[in-house]
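**Student:** Have a look at this one before I ask anything.
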Amino acid sequence: PCTDNPCLNGGTCRLEKKNFKCDCLAQYMGIKCEIDLCHPDQCKNGGICSVRGNTFFCQCQGKYFGERCERECRCENGKCRLTAIGQEVCDCLPEFGKYSDNFCKACGCGTGANCTFNMESFSDDKYCICPDGSKLKNIHCESPCKINPCKNGGICISDGSPKTQCECKLPYTGSTCEQDLCSNNPCQNGGICKIEGTFFECACKTPYFGQICEKDPCSDNPCLNGGTCRLERNSFQCDCPTPYTGNTCEKDPCSDNPCLNGGKCRLERNSFKYDCSIPYS
């Protein structure tokens, strides 16, 4: 079957069982290498076609973009790309910032610095994004942030005045991000400090509670009538003075009024006494 070489476009024929198979050159495919993945009309507007596997790719020239370089980019000082939903997006060149949807303006922030403009106001107000990551409002990257005062990976921000601010990364805080929210463990009574958002929280051990585990069941002294509160296991116990009883020393001998026939109960020292109505005694 290979005698007359049925393979096209420089393909090599080889026998396979009782038939033939064509080994095609890079950009060709098909039983006889008859399909040219990079035929002349594949890439438009001077795009250069290349093949990876069984797929072609177009390397677009100048202001053209798209799968086949069929679209003209309306982005000045930038490059166009398509999002997953087919929306055209303008990506600015280095040292340029997005000034409007289709126009990127020179930043003027220094070598290697990018920027962001206020696209809503179309003003020249901008933040310079410097190579060290600092953000400076309307000033060159030679700034108070050049010697970065922010510690622990914090980002220095300047509004043009000599003063700076630090944008801290968790779990750090403070004017220069010098303070670890949990470094001094603000949680009392064995509580464990953990970061939640921009704050810390304490995981308290039983029976402690409160923002920093500062409270226990005896903190507000639930014991009445002079009872003394003490912690016991995971709860509290009231040591009641005579004659008081109950979980919180709330009961006395007169609580259930043991006096019959209209008699009145009154406490006397460590017990109670009946004030009986006549003729009862």
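Each Cβ is built from the backbone N, Cα and C atoms, and glycine gets one as well.
Under the heading domain 'EGF-like', TrEMBL lists 1-31, 34-70, 142-178, 179-211, 214-250. What TrEMBL lists as disulfide bond is Cys60-Cys69, Cys168-Cys177, Cys240-Cys249.
Could you tell me the structural context for the features on the list?
**Tutor:** Within the model, the domain 'EGF-like' (1-31) shows a mean pLDDT value of 90, rounded to a whole number.
Here the domain 'EGF-like' (34-70) has Cβ contacts under 8 Å with residues 8-9, 26-28, 79-82 of the same chain, all six or more residues outside its ends.
DSSP gives Cys60 (disulfide bond) a coil state; it is part of no helix or strand.
Across the domain 'EGF-like' (142-178), DSSP assigns 0 helix, 10 strand, 27 coil.
A sphere of 10 angstroms centred on the C-beta of Cys177 (disulfide bond) encloses 20 other C-beta atoms.
The Cβ neighbour count for Cys249 (disulfide bond), using a 10 Å radius over every protein chain in view, is 20. The secondary structure of Cys249 (disulfide bond), as reduced to three states from DSSP, is coil rather than helix or strand.
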**Student:** Hey, what's the Cβ neighbour count for Cys168 (disulfide bond) at 10 Å?
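**Tutor:** Looking across every protein chain shown, the total is 22.
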**Student:** By a simple count, how many Cβ atoms lie within 10 Å of the Cβ of Cys60 (disulfide bond), its own Cβ left out?
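**Tutor:** Looking across every protein chain shown, the total is 22.
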**Student:** Using DSSP, how many residues of the domain 'EGF-like' (179-211) fall into helix, strand and coil, respectively?
**Tutor:** 0 helix, 13 strand, 20 coil
